[in-house]
């Protein structure tokens, strides 16, 4: 109880107590001389918790780098589609997904702080070779998918800003420059890079905040949609959009990234008090960062919910004709409901609210795209080093990831139109949804093992709650994948997907089996079957404490 009381107030409180002769306040404690029955002198030490903004600033950085993944072009597109299709009704889903993301990021940060190793390094030590290689490949797929979304977002932003003078394929090629910008900033240290990320987040907040102020959404409907977990008169398309929000918000490679970024601060891991303090400040910083990213996402949802919910193509076509927009042909002359994406979203804003709205929207998308390439590069480097013990320079790593990402995107940009390019975002969201178990299951597994986390291992509440949350998130995303595949209407694809699903689910079941053993379900451990009487039961994981990578 005393740890919740500020030091100044506690000092005054203690001095007023009877039998207290005198007190001395130190850093984090108070020593009092107390008389008891006029015979016995007792020194009482009352500790209290001091909150330091200076310490919070020292730990600030990794959480904001991590929060960029909640603002990538895939998330922005999911937000605007949510607003246009369901209005304010799905804001509570966005809020819930962000809170779940925060809890998962807390586990990732704790793993890095306590062990001095990030998730990929722990996987390398704990899993056998074949599962380790499969895990690495799955996470690499998620990273490349995220990088492709960055390429798509930047290409569309350049096209909008130039009023079509820069073709989409030209915008794709321009994103190669991102590599050199990133490497230039990286030479000046992590703090400079963190400051640049903060600048990009500020640009997004100002850009999308401007759209929010200009549209003036109904605040009552906004609060109702955010805190009332109900979707009135929602059809299958709106429910699928709700599932898509969860898939877009929670990114698999972000778990690996955050567990590595927290290692950038010097922490005495032999001092449990210092480790506990680091966990506290990292959690506070992550909460602030994700709150800001949540507000930016709300700006986007609210703008499209207020201005374009239930709008038809013919209404938008007429408005764009009146404003002289060159993109009127994007909206057919029919009464079907308006379908939007990142590109159409900017065009519609320009038609209804003037060219300034279009340009500011494009600047926000460009900032989102630029930031996500850096998180992808860092994630890729940490994942490769952790799983394979292969140390590449960031220059080589970013060239590899960007080359793989640019090639298919460039082909679509050259031979197809903008609708096919933005349609790739749906596929990439599905791809990353499928990779979620390969981050969520390992992080719950290893943070529940006392052999790895010592006194900081998950308690019973976190084990049960984490298991339920991960089960729900994975189930939601599998539903999202099934909906997407059934919309393809191809028998050959159905057969191919069925075969891939058998292999995929087999590996997920293997990871889940390992996780359940770590959570305490010892009956699933085959090494325990012959040793129940003697209780000489060893888990399948390495039990000795790993050497800290300091």
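Going from the start of the chain as shown, residues are counted 1 onward.
The backbone N, Cα and C atoms fix where each Cβ goes, glycine too.
All TrEMBL annotations are machine predictions without curation.
Annotation comment: TrEMBL describes 28-48 (among others) as transmembrane segment.
As annotated by TrEMBL, transmembrane segment applies to 91-113 (among others).
Annotation comment: TrEMBL describes 134-160 (among others) as transmembrane segment.
The transmembrane segment annotation in TrEMBL covers 166-185 (among others).
Taken from TrEMBL, the feature transmembrane segment applies to 197-215 (among others).
Within the same chain, residues 61-63, 65-66, 69-70, 72, 74-75, 77-79, 81-82, 86, 90, 93-94, 97-98, 100-101, 104-105, 107-109, 111-112, 118-120, 138-139, 142-143, 146, 231, 234, 286, 375-376, 378-380, 382-383, 386, 429-430, 432-433, 435-436, 438-440, 443, 473, 476-477, 479-480, 483 sit at least 6 positions outside the transmembrane segment (242-261) and bring their C-beta atoms closer than 8 Å to a C-beta of that stretch. If you look up TrEMBL, you'll see 242-261 (among others) marked as transmembrane segment.
Using a Cβ-Cβ cut-off under 8 Å and counting only residues 6 or more beyond its ends in the same chain, the transmembrane segment (282-305) has close neighbours at 56, 59-64, 66-68, 70-71, 75-76, 79-84, 86-88, 90-91, 94-95, 98, 101-102, 105-106, 109, 113, 201, 204-205, 208-209, 211-212, 215, 217, 221-222, 225-226, 258, 262, 340, 345, 349. Feature annotation from TrEMBL assigns transmembrane segment to 282-305 (among others).
Taken from TrEMBL, the feature transmembrane segment applies to 342-368 (among others).
Per TrEMBL, transmembrane segment is recorded for 399-416 (among others).
If you look up TrEMBL, you'll see 436-453 (among others) marked as transmembrane segment.
Taken from TrEMBL, the feature transmembrane segment applies to 460-485 (among others). Taking Cβ pairs closer than 8 Å, the transmembrane segment (460-485) reaches residues 100, 103-104, 107, 240, 243-244, 246-247, 250, 426-427, 429-430, 433-434, 436-437, 440-441, 444, 447-448, 493-494, 497, 508, 515, 519-520 in its own chain, all 6 or more past its ends.
Here TrEMBL flags 491-513 (among others) as transmembrane segment.
Counting Cβ pairs closer than 8 Å and at least 6 residues apart in sequence, the transmembrane segment (342-368) and the transmembrane segment (491-513) reach fewer than three and form no contact.
The highest tally of CB pairs under 8 A with the transmembrane segment (436-453), across 91-113, 197-215, 491-513, is held by 91-113.
Same-chain residues lying 6 or more positions outside the transmembrane segment (491-513) and placing a CB less than 8 Å from one of its CB atoms are 131, 134, 434, 437-438, 441-442, 445, 474, 485, 524. Same-chain residues lying 6 or more positions outside the transmembrane segment (91-113) and placing a CB less than 8 Å from one of its CB atoms are 62-63, 66, 70, 79, 82, 119, 122, 222, 225-230, 242, 245-246, 249-250, 254-256, 258-263, 267, 269, 275, 278-279, 282-283, 286-287, 290, 293-294, 297-298, 301-302, 440, 443-444, 446-447, 452-453, 456, 458, 466, 469, 473.
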